Ligand code: C2O
C-alpha cells in the first residue's frame, strides 16, 4: 500500500486550512460532491439538478440481486415471510433478518426508564404500537443535506440544533418522535426487547451490534432522526452534525454540549472528559498520556482500523448475521474501535452502568450519541472512497435485512439495508474536511526478522497451549503462519489475518483487550502509533435476557504489518494479548492465522 488517497481528491495536510463556519445554507459554499466517486458524482449531480434521488450509482448491480429466500420459497416479498413460523423455514436456507414485529416488543432487562424521567425505573423501551407499516420510498423533492463537522458550526446552526432537540424533548411522551422515544429505539434493538419472531425465531433476540448490521442499522436510525429534527424546526436542509473525533481540532466534546442551559446538555457524562482530548483507544480509565501523545495515538488508531484492519467488507462491516442465529461472527474494525471506546469515554463512571453513552440501553439519551454516530456513518462513506476491495457487501441476506422506524409524520416505515448504501440517494452527504489519519501510518518500534524463532522454547506455540485460555493476565503465544514470503499478487488477492476465535466475555461489562504482534518488550507494550500494535477488541456493556456472556471473534490484518516489521519471511509470529478492561472472565478458544 504505497500511498493512500480518497478516490477523487487528496485531502490536504492536517491544519492547513482555516476552519470555516457554515450556516444552514452552506450548500453554496462547500460542495458535497468533492468526496464522491465519478458515478456517484454523476448521480448526485443529477439528483441535485432534478431534485430526484432515485438514480443508482456504483451499487446498482448488487441492488438488483433477487431475494434468494423469496425465490426459493415462492413468497410474494418479505411481507409474506413475516408470517413464517420457525418450522416452515427449512434450516438449510439462511434468510435476512426481518424487521421486528413491534407489537411483540417485550420488556428489556435494564431498559427501563420513563419518558421524562432520568433514572431507570425497570419499565420497558418499546415504541408505541402501530398496525400500519409502510415500505420505504425514496422521497422526491427532498432538499439535499450536508452534515457539518460539529466543531465548525456557526452560532446560528448551533441554535437550530438546540431548538430541534428541545422540541423533540417537548413532544408528548407517547409521540414516537419524542426525544426519549427515539432513545428507546437503541435500547429496543440492542437490549433484548425485540426477538426474531418475524423471521420465525421468537426465542432468539435481535442484536444489531457486533455484526454486518451495525453500519446499516445506525445509518437508518440517524436518517429518520435527522428528518424528525428538520421537520420540527421546519428546515428540511437541517443536517445532523458529525463529531469529528478523527481530526485533531475535533477531538474534544464540542463545547456547546457542555452548556447546562442547552437542550444538548446531558449531566451523565464523565466529568473529567468534558474538555479533554478524546481517547479513541479508551481502556476504561485515563491513559495518563499527554494530549499530544493522545492525538498521535488517535490518528494511528484511525489508520489501523480504517486501513490495515479494514481491507475487505467483512473486516470493515463485521461478520454475517442472518435470521435464526445470534451475531457471533464478530464486529467490524471501526465498530470495535474507535466506536466503542468513544461511547465508554463519554459515559459517566459515577453511574452504575456507565450511563448514558457508556451502555447500549441508555446511549441514545445523550444527543452526543447521534453526532458520534454521524461520524461513524461518515467512516462508511470514507472507507468506500479508499478504493480496492472497499465495497458494500453483496450477500442478499445483508441487502434484504430490514428494520422499522417511525418517520417525521409518525408513520412506521420498513426499510431495507439495500436502500441505504448511498448517502446521496438518501439525500445527504458530509462536509469535506481533512482526513489526517490517511497519513498517520504507525511506525515500527523494533523491526527485526526472526523474533518468533528466537523465542521458541521460551514462549509456547499455539499447538502446546491448552485452549480455551483465560485472559486474566497477558497471553503470549507463537502463532505459526501457514504461508510465508507470499508474492505481491498473492497478497493482493488474500489478506493475511490474525484470528482470535471464540472469545467468551461478560456482556454486562466494558470489555477491552489489545493485540500486539512481535512486541518483545515485557515491560511496556507498544503504543497505538507503533506498528506492533495490531488492534483492539472492545465491547460496550448490554444485558440479554437470562444470560450474561456472549461469544464472538476478532480479526486483524497482518499483511502490511509483517512487511513493515521485516517479519514476512518468518515461520511464525509472536502474538501478545493484553487485557485492558473487564477481561478477568474472558476465555479464548483459538488463535490462528488464515488467508482470506
Ligand atoms: Cu448502537 Cu454506538 O451503538
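Glycine is treated like the rest: Cβ placed from N, Cα and C.
Caution: TrEMBL annotation is automatic and unverified by curators.
Residues or ranges marked as compositional bias 'Low complexity' by TrEMBL: 1-19. For 105-126, 125-187, the entry in TrEMBL reads disulfide bond. As annotated by TrEMBL, domain 'Tyrosinase copper-binding' applies to 209-226. Here TrEMBL flags 339, 343, 373 as Cu cation B binding site.
Features per TrEMBL, on structure.
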residue	record	contacts (Cβ under 8 Å, 6+ apart)
105	disulfide bond	124, 126, 127, 188, 193, 194
339	Cu cation B binding site	372, 376
343	Cu cation B binding site	357, 358, 363, 372, 540
373	Cu cation B binding site	218, 221, 222
Q | Cβ-Cβ neighbours of residue 126 (disulfide bond) (radius 10 Å) | A | 21
Q) So how many other Cβ atoms are close to residue 187 (disulfide bond), meaning within 10 Å of its Cβ? A) 27
Q. What is the total of other Cβ atoms whose distance to the Cβ of residue 125 (disulfide bond) is within 10 Å?
A. 29
Q. Counting each residue once, how many in the domain 'Tyrosinase copper-binding' (209-226) are helix, strand and coil under DSSP?
A. 13 helix, 0 strand, 5 coil
Q) Applying the rule Cβ within 8 Å of the centroid of the Cβ atoms of 339, 343, 373, what extra residues of the same chain belong around the Cu cation B site? A) 218, 335, 340, 342, 357, 363, 369, 372, 376
